[in-house]
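Asks: Quick one: this structure, given as structure tokens, is what I'll be asking you about.
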Amino acid sequence: MTGIYYLYLRQDDPKKATMRKLERFGLAKRVDIKGVGLKLVLTPYADIFLSREDAVLYEKYGLCVIEGSWNKIDSIKSLKFRIERRLPALLAANPVNYGKIGILSSVEATAAALYIIGYWDTAYALLSKFSWGLNFIKLNENPLNEYSTADRSEIKKIEESYFG
């Protein structure tokens, strides 16, 4: 499993940082802001939805998620990346934000992105490292399946059909 990166902002308890746990398993690699480069970056401030069409970007450059605190989300608003995408709405399964729309842990966001671009096995492998992880797929199975087969132009309509 290669091509999964994270930008660690040191905003949370390091013991709860999901991407750091994945790094300990050799499933993700930390990068600094200069190391982001052309990687496909997940950010809630992107104008463009992630879709299956982005699989080629993942394959070529990798995927980078921002590991930070939702309580300090405004601190990343000013960060701009060359290739940035946002996830469509999904429900969190992590114990801190269970059932909240869009308040995903970094591993949930990473797994959702991988699922949407067609890397289901990798998404499951990442989530399996957390006791609550696979529940994320169960909780979001229908929207994830629809997002993963849709063109970018259809994502907003699918999101609205599930989450209003």
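Just so you know, the numbers here start at 1 and follow the chain as drawn.
Glycine residues also receive a Cβ, built from the backbone N, Cα and C atoms like all the rest.
Here Swiss-Prot flags Thr18, Ile66, Leu87, Ser106 as S-adenosyl-L-methionine binding site.
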Asks: When DSSP is mapped onto helix/strand/coil, what comes out for Ile66 (S-adenosyl-L-methionine binding site)?
Replies: strand
Asks: Assuming the binding residues for S-adenosyl-L-methionine are exactly those in the record, Thr18, Ile66, Leu87, Ser106, what is the maximum CA-CA distance in angstrom, rounded?
Replies: 18
Asks: Compute the mean position of the Cβ atoms of Thr18, Ile66, Leu87, Ser106, which form the recorded S-adenosyl-L-methionine site, and then list in sequence order the other residues of that chain whose Cβ is within 8 Å of it.
Replies: Tyr6, Met19, Leu42, Val65, Glu67, Leu104, Ser105, Val107, Glu108, Ala109, Thr110
